[in-house]
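Engineer: Below you'll find the structure I mean.
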Amino acid sequence: MSIRSLGYLRIEATDMAAWREYGLKVLGMVEGKGAPEGALYLRMDDFPARLVVVPGEHDRLLEAGWECANAEGLQEIRNRLDLEGTPYKEATAAELADRRVDEMIRFADPSGNCLEVFHGTALEHRRVVSPYGHRFVTGEQGMGHVVLSTRDDAEALHFYRDVLGFRLRDSMRLPPQMVGRPADGPPAWLRFFGCNPRHHSLAFLPMPTSSGIVHLMVEVEQADDVGLCLDRALRRKVPMSATLGRHVNDLMLSFYMKTPGGFDIEFGCEGRQVDDRDWIARESTAVSLWGHDFTVGARG
């Protein structure tokens, strides 16, 4: 497929000081450099930035950036969008310079989420050393995974699978009441999509959120690194959204916590890698093998 990984997220934030402490002191990312006045560029690896936080009047997702391997891959995405009748814009020179990429296009998915697809990232070759000693799992698996909100699960399934070429790796049936539908209405589906060996780089939930994003997952190499991050979060009184647990589909050992922007970050390790030559997409009927008590978020 043309899209290879989740390259970066750009978010707007109302509390930059809180994000700076959260990104550097809780997540253990490293500050990078960028042009916009007051923006925070957070590095996880040799990318110029994986998470960019821009000051503004709202807490919301601005763009999800998806990486193609080369110009041919990006052109294939243009062709697919043309066939679907989805408009897109070529990036300006300023946008290319800010993202530090060779080519990029911008467009909206059917729910209005802004996507950027690019190739040719200019890497930083200074080693990223987290102040807490952990290393993030990125490389060909990209930044991690993101769960976006969508207004229509069938519409999103068509767009991401049939137009953009993501591979459906898993599905989970949700009660229709969870997304505001009648109890006897059709179920809502939580869909999980891959574009590299990571079990999923993208999922979507058919339920509106104020930020447009349900959660972002970042992965580290060892279970102790997850526990140490949990300790840091608890010491700083970061609100928890779910206890430590292991998911059934991607086998991620993780916990969930709130960000200063109101959405969740899943911080985990030991995520499953799959090979599409023998992977079979199925329905998951449980969220986790153990743990992941999401009622802690409601109690908090």
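Heads up, the Cβ atoms here are built off N, Cα and C, so glycines get one too.
According to Swiss-Prot, the Fe cation binding site annotation covers HIS145, HIS215, GLU266. Residues annotated as substrate binding site in Swiss-Prot, with experimental evidence given as evidence: HIS200, HIS215, ASP250, TYR256. Under the heading domain 'VOC 1', Swiss-Prot lists 5-120, citing sequence analysis as support. Taken from Swiss-Prot, the feature domain 'VOC 2' covers 142-270, and the record attributes it to sequence analysis.
Let's see these features in context: how buried, what's close, how far.
Structural biologist: Taking Cβ-Cβ distances under 8 Å and a sequence gap of 6 or more within the same chain, the neighbours of HIS145 (Fe cation binding site) are LEU6, ARG198, HIS200, SER201, LEU202, ALA203, LEU216, MET217. In the three-state DSSP assignment, the secondary structure recorded for HIS145 (Fe cation binding site) is strand.
When secondary structure is read from DSSP and collapsed to three states, HIS200 (substrate binding site) falls in the coil class.
With DSSP classes pooled into helix, strand and coil, the tally for the domain 'VOC 1' (5-120) is 32 helix, 43 strand, 41 coil.
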Engineer: Could you measure between HIS215 (Fe cation binding site) and TYR256 (substrate binding site) for me? Cα positions, answer in whole angstrom.
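Structural biologist: That comes out at 9 Å between the alpha carbons.
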Engineer: Counting across all protein chains present, how many other Cβ atoms fall within 10 Å of the Cβ of TYR256 (substrate binding site)?
Structural biologist: 23
Engineer: I need the CA-to-CA distance for TYR256 (substrate binding site) versus GLU266 (Fe cation binding site), whole Å please.
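Structural biologist: Cα to Cα, TYR256 (substrate binding site) and GLU266 (Fe cation binding site) are separated by 4 Å.
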Engineer: Find, among the binding-site residues listed as HIS200, HIS215, the one whose Cβ has the highest number of other Cβ atoms within 10 Å in the structure shown.
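Structural biologist: Counting Cβ neighbours within 10 Å, the top one is HIS200.
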Engineer: Hey, of the binding-site residues listed (ASP250, GLU266), which one tops the CB count within 10 A?
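Structural biologist: Its Cβ has the most other Cβ atoms within 10 Å: ASP250.
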